[in-house]
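J.: According to TrEMBL, the record shows the following:
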type     : residues   : note
ACT_SITE : H467       : active site, GMP-histidine intermediate
BINDING  : H274, H370 : Mn(2+) 2 binding site
COMPBIAS : 495-506    : compositional bias 'Polar residues'
REGION   : 377-409    : region 'Disordered'
REGION   : 494-514    : region 'Disordered'
Amino acid sequence: MPPIRLTLALNASQTKRTPLILSSSAPRDPALPNSCQELLFKAAKDKLRLKGKSSKWRIFVARNGLEVLGKEGWESALAEAETKEIVLLISAGEDYVGKTASSSSSAPKGNPDCSVEILAKAAFVDSISLDQLNTTARSLPGLVHAVGQPDLHPGTKFPIGAVFVSRGWVHPPLIGGDIGCGMAWYRTRLQRHQVEGDRGRKVAERLRGLEGAWRKKEQREAWLNWEKESTAGEEWDKALGTIGAGNHFAEIQVVEECAASESLEEGEVILLVHSGSRGYGGHVLKTFTGDGDSLEEGTEKMEEYMQMHDRACRWAKANRDLIALRFLACLEPGEESWVLGRNESDTVEADDVTAARANIQERKVVDIWHNNVERIQWPPSPPRSEAEATLESQTSSLSLSSPGPPSTADYAYTHRKGAAPTYNIATHSPLSVLPLPGSRATPTLILRPLFTPDNSWGAKNALSLAHGAGRAMSRHKALVSMSQKYKNPELLLQPSATSEARSNKPSGEGQWAAGKDVHGGTWVVCEDRELVWEEAPEAYKDVWEVGEDLVESGVAEILGWCRAKVCYKVRDEGRS
């Protein structure tokens, strides 16, 4: 029999291909020597430069997304290859990128004319991220615009640091499992001198009692139901008030420079909280994926997803508020308003809990979601007047589960996965400040979004900005390389830990020169050794390059920067 000819391509970067010829006598059973799978893996390594352990690699049929598994899978795939040209996709472990077998011929097609905007110029963006962005933009139904922010980096299947705008469809996987994840800034009454030098270490030592369940079920429900019922069930609610793992953190910062802002003052000490919906968002995602990942507007399933999505967003915001309360109870122990932040056995009435939730709002500077979907007017219109600079005519309410479809075709859904909104959902007005955190050894930039004719009143950037520096290394790569570089992870928890992304470059010049010379100076609380390496400063891009790309793109201006003094990740004290 003649040899079998097919094409092998990278799943995450499908433009990278190589022809492959398999002997018709090659064993179909992967367990046998010189099997078809073994030959394909060798080609993937030699020709496509696929990295990692082959035990984690996966193979898909490009046409339908079916995974090639075992002897039967190979027999089926190669039988098809004998009669037609096929493409097999090799994956390093990630899920199939593209349409799945569940997509029928009558299913809505992607939009090949979907516009794609890349805001990165100085900040490095790898080819996998760009392929994920472009493939997604043109394969999912309803997409009309996609934006890659300067912090763009690869996700498992869909990119992070991206925004997708769609008409008539919502795509839960674009948002991911941490629905409602976001950041909030809170003021403290600490003075700068209280967090400088060795005093910062003493502040870090005071940050205890922040892990594990907060108080009792009744108090958690009262906190969650402050303005609108937001409980998710005790299985999820018991994690309320905890930061979580990964890149989540709470950071005590000093505002070093801030120009023309009514929100922040130079020299004040603030708290930045980055956390989400903990396990609940992942539960929502799993509930609504499987039969097909795209939900059409107006269907019962789409409306059910929106209701649970909105609940997860409210839950996440309540979580950030409670994290702030618990931190302020440690930082300002004499303040009566924060007494409930401590896990004491005293009896607490529901009214006391709701009062504490209201009190924390007085310290809040800004609070945004960067993993969510929102219904907005599309394309955006100019503000009603430049003096008001309001987006009231451009956005709908937070709720995506409002009954019935939009009355006109002027509305669309923005899907944000690691992208900050440029407007306040509650007031429909532009945000005056946004945080752009770097790594724990580099500053957090203070941004102000811009709405101008040149950026089509926010359409260019899909009414969104970068949410952080973005990863320069995958977690696996960071764990391997940083654990070799820093045999003792304790070195990364001290102020001497630096960011090579900036420290290997010339000293800063011009505006914000002092901030560009910051390479470390942070006390870090993290008792998870692997997380210390995964989150090393070198694992992230240069936050100044990300911020300056936004400026260069005409979508934001830099108002100033904050210096991190204490970064809290996790303590091993009864974690949930």
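Placement of Cβ uses the backbone N, Cα and C atoms for every residue, glycine included.
Those TrEMBL annotations? Automatic predictions, nothing curated.
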J.: Let me spell it out: for each of the recorded positions (H274, H370, H467), count the other Cβ atoms within 10 Å of that residue's Cβ, using every protein chain shown. Which one has the most?
T.: H467
J.: Using DSSP, would you call H370 (Mn(2+) 2 binding site) helix, strand or coil?
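T.: The three-state answer is coil.
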J.: I need the CA-to-CA distance for H370 (Mn(2+) 2 binding site) versus H467 (active site, GMP-histidine intermediate), whole Å please.
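T.: On Cα coordinates alone, these residues lie 7 Å apart.
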J.: Take the C-alpha atoms of H274 (Mn(2+) 2 binding site) and the residue listed as 'active site, GMP-histidine intermediate' and report the distance between them in angstrom, rounded.
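T.: So the Cα of the residue listed as 'active site, GMP-histidine intermediate' lies 11 Å away from that of H274 (Mn(2+) 2 binding site).
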J.: Return one of helix, strand or coil for H467 (active site, GMP-histidine intermediate), based on DSSP.
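T.: Reduced to three states, the DSSP call for H467 (active site, GMP-histidine intermediate) is coil.
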